[in-house]
Amino acid sequence: MERSMYAGRVRSEHIGTTITLKGWVSRRRNLGGLIFIDLRDREGLMQLVVNPENADAAVVETAESLRSEFVIEVTGTVEAREQANDNLPTGAVELKVKDLKVLNTAKTTPFEIKDGVEASDDTRMRYRYLDLRRPEMLENFKLRAKVTHTIRNYLDDLEFIDVETPMLTKSTPEGARDYLVPSRVSQGHFYALPQSPQITKQLLMNAGFDRYYQIVKCFRDEDLRGDRQPEFTQVDLETSFLNEQEIQDITEGLIAKVMKETKGVEVTLPFPRMSYDDAMNNYGSDKPDTRFDMLLQDLTELVKDVDFKVFAEAPAVKAIVVKGNADKYSRKSIDKLTDFAKQFGAKGLAWVKMTDGVLAGPVAKFLTSIEEKLTDTLQIEENDLVLFVADTLEIANNTLGALRNQIAKELDMIDNTKFNFLWVVDWPMFEWSEEEGRYMSAHHPFTLPTEDSAAELEGDLSKVRAVAYDIVLNGYELGGGSLRINQKDLQERMLKALGFSEESAYEQFGFLLEAMDYGFPPHGGLALGLDRFVMLLAGKDNIREVIAFPKNNKASDPMTQAPSLVADKQLEELALHVELENE
């Protein structure tokens, strides 16, 4: 029979009607001579009741045979429950079963299909189709669908054109490693899966599309963590003839619309702006979490004359104050913080506590000459813990920024009901790579430098600033964008500054440079990480929870066993030979 409605949508107004439902058995129990069955579908649970005294014998026999996750079809009459269950949307009603059919049976599942499941991540991913049956997972994907629907409507209303860009592209240097796809037709040659549609969307601006968007899959072969996956989805925008403020206004409107439609939250516009330098100096991060205080304090000048070599000779000495929680940190727990700090390049972690009105701790004896001034500068009060890092400014900022976030989580200092958006602006164009031994793009090689710093492309690259902007939410980079270079000579200078010879620049980006000979308009754009945005809206801490079939931390899929070896014949067609490390 045709399904009448979803089980999770049956309500009191349906009492007295005969309906047909289809779904999975969540559980079955015998109670007081009656058989109760919880039927689950996409929209929720509905209680079914079989009374052996007045039900058909075949129905009773079928009901007795049911096990969890059997797929069933049931027809019956909606009745009011004797005792309502206020914890269920369908809790005021139940279905008196007249007909019951098993559509498919099920083996015992490797974990119970319910929220709060106790199973390893790999087990959940190995049986992802079962994991996705759980109500909280279904809700995540309903939220994701609503977010993308809202985004499309908003951008369509602003006359953006949805354009699909190629998945098989050219491998280019800079950024993360590419995923490569060998060509059978042009043997020895490779496509790359796009890390972003950056160049193609710029070319669409040269084509006169004016406003482009795409909700697009991107690929990066990089080390994984909770907010990264090898394949991910971004909301990609590009516009012509708009400045950075206008692009930011469009983005803020989009985010405000999503927040209103999906969470019922009114966000205040415009979002706060913070320079990159202020973010690093005050928060120790280019994606600051502003839901709590504990800002970094610069003590370099204050401690330069103390009788403590580590402080006196360090290029920078900075500190954070953990207010009112010193008693929660024993020497052992501070040693753990020290080990954590060393992961970010710090040689160690100095500390003092305010106990009975005086500073105490391993370095307190070196600070007696400045104790009063230090206490005043940092506003140290009873039971405060002060953590110091003495090192280069970069290491001090990065280490204390990471400690700030770690301690806030440990002490439950973060208000998880807040959505704190902000823009980080005034970015450096380049960042130094110790691994590469050279400057690399902080964003990408097509970012427009500020007019007053462009001359340094042939000078001190550390002084070149970018017309770039990142949008941050609760300590996560939600997205980033910039104005782009549209002048050929400036693009050539940028590539030269990055170490490209003229020959290599044209070999890699000749098609883009050639396009700049044909009236390339001023343009700029932005990309938002859709997976990360939905993760934060759903209150999750791993984007695997909002991606239907994600990879694990080894970039593998435990369900399909991808990546896998392929047949020798396939390799021969591609003129490839694979040598494994253990051969």
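From the backbone N, Cα and C atoms, a Cβ is placed for every residue, glycine too.
Cross-referencing Gln229, Gln487 against the ATP binding annotation in Swiss-Prot, which names Arg220, Asp221, Glu222, Glu477, Gly529, Leu530, Asp531, Arg532, picks out Gln229.
Swiss-Prot lists region 'Aspartate' for one of the ranges 182-185, 198-201, 442-445, namely 198-201. Across the structure, His443 (L-aspartate binding site) and Arg532 (ATP binding site) are spaced 19 Å apart at their Cα atoms. Helix, strand and coil residue tallies for the region 'Aspartate' (198-201), in that order: 4 helix, 0 strand, 0 coil [DSSP]. Under the DSSP three-state reduction, Leu530 (ATP binding site) is assigned to helix. All protein chains included, Glu477 (ATP binding site) registers 17 other Cβ atoms within 10 Å of its own Cβ. Under the three-state DSSP scheme, Arg220 (L-aspartate binding site) falls in the coil class.
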